[in-house]
């Protein structure tokens with residue numbers, strides 16, 4: 001009866017009806033539990049339906065019943081390789097070599113074993129060197145042979161964590177924990193994925209659970225300490241800012257950034273917070289740089305883009321501000337973000353024109369009196385008669401600046417023109433550079449109420465003036481005016 005069941009199982013196996021074949025082999029074993037070939041056949045059938053642990057149990061029973069069962073040792077070696085147990089696989093193949101040195105299957109299985117050992121060793125070597133990409137490549141090759149090895153899968157997951165591929169790592173450990181909820185290494189790696197994705201409280205819970213299952217888990221101890229230190233430093237820096245201890249905050253954030261270079265999201269927040277400190281210290285370039293570092297670590301960090309945009313506006317880096325606000329608007333289309341972008345674009349447009357305020361050396365809130373004083377200083381400073389001994393190029397430059405000063409004064413002292421200018425509009429339907437003015441006439445008009453300054457005469461045409469210091473120049477001494485005495 002047992003032999004009939006076995007034969008029936010063989011027929012079903014050839015037809016790839018493995019579940020039906022499994023029943024026949026099991027019936028045969030029930031009838032005759034001491035026949036090695038029955039266990040060997042059922043082991044092959046179990047492997048086909050991916051029940052590898054049961055297959056290994058069966059084949060080990062077969063070789064125990066028949067220590068000379070060469071085929072059984074080869075199958076056992078395959079099972080060990082699937083589980084990544086290279087030591088046991090090597091022992092089985094050595095037994096085969098002793099029993100049947102010319103066995104053709106032995107050569108290929110030995111090559112597989114050696115290749116597996118090579119990939120595992122290389123993966124460990126690269127991991128220890130922090131070359132996680134190469135470690136991952138080798139452990140993937142190892143897993144292609146040892147498909148059932150949980151330890152190799154955990155190494156793969158840890159490599160992925162170190163490469164910031166947290167979701168992929170989490171998928172691996174979740175599959176493992178589904179069948180082995182007390183696997184300390186899997187809990188440790190899931191804790192790492194939570195820690196590096198800024199789920200700190202859940203991460204702490206996982207690390208604590210790992211240490212309950214395995215109090216000597218060194219990696220869990222180390223990262224738990226590091227995580228607590230990082231969180232503590234970040235909070236301490238935040239408190240220092242709230243208490244307006246700016247220098248302390250700068251020191252604390254800077255130290256915190258050295259704790260764990262791999263924690264991109266937390267470090268992005270630290271850079272962002274430090275940018276606030278730099279801004280308070282009026283170090284705008286450093287503040288902008290920290291925002292850039294935060295964005296490098298977290299490209300989705302909207303607050304960092306907004307802060308860098310604001311800092312760029314304050315630094316008159318309008319093109320950079322426009323780029324940041326455009327990025328923000330693409331990510332979050334809100335009315336507020338649209339307004340920020342429009343303002344930056346307006347300031348960029350305005351920045352490409354002549355800056356009349358800068359030309360006169362006044363603020364954008366300058367009063368008429370301040371504009372007059374500024375014009376007086378700048379007009380006399382750049383008046384061509386002050387540059388009669390200059391080179392031709394220097395004279396041309398002085399004339400150009402003199403004209404710009406007059407242009408600036410004419411626009412900013414005209415309420416309508418100033419309003420249009422401040423709002424970024426063109427003047428009189430033309431561009432700013434198209435605004436034309438005779439600086440000679442403006443200069444004379446400015447001084448007409450109180451008399452022109454000593455030594456100036458426009459009788460010989462535009463930009464031709466005579467000038468005397470101390471009233472000694474012919475035709476001008478009666479004014480008694482000297483640039484040396486004028487308060488610039």
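For all residues, glycine too, the Cβ spot is worked out from N, Cα and C.
Keep in mind the model is a prediction, meaning the values are calculated, not measured.
Taken together, the residues in the domain 'J' (355-425) have a mean pLDDT of 90 on the 0 to 100 scale. What TrEMBL lists as domain 'J' is 355-425.
Feature annotation from TrEMBL assigns repeat 'TPR' to 2-35 (among others). For the repeat 'TPR' (2-35), the residues of the chain that approach it from at least six positions outside its boundaries are 41-42, 44-46, 48-49, 65, judged by C-beta separation under 8 angstroms.
Taking Cβ pairs closer than 8 Å, the repeat 'TPR' (184-217) reaches residues 151, 154, 157-158, 161, 164, 166-167, 169-170, 172-174, 176-177, 223-224, 227-228, 231, 262-266 in its own chain, all 6 or more past its ends. The annotation repeat 'TPR' is assigned in TrEMBL to 184-217 (among others).
Within the chain carrying the repeat 'TPR' (268-301), a Cβ under 8 angstroms from the stretch's Cβ atoms is held by residues 234, 237-238, 241, 246, 249-250, 253-254, 256-257, 307-308, 311-312, 314-315, 317, 320, 331, all 6 or more beyond its ends. The repeat 'TPR' annotation in TrEMBL covers 268-301 (among others).
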Under DSSP, the repeat 'TPR' (184-217) has how many residues in helix, strand and coil? 27 helix, 0 strand, 7 coil
The repeat 'TPR' (268-301) resolves under DSSP into 27 helix, 0 strand, 7 coil
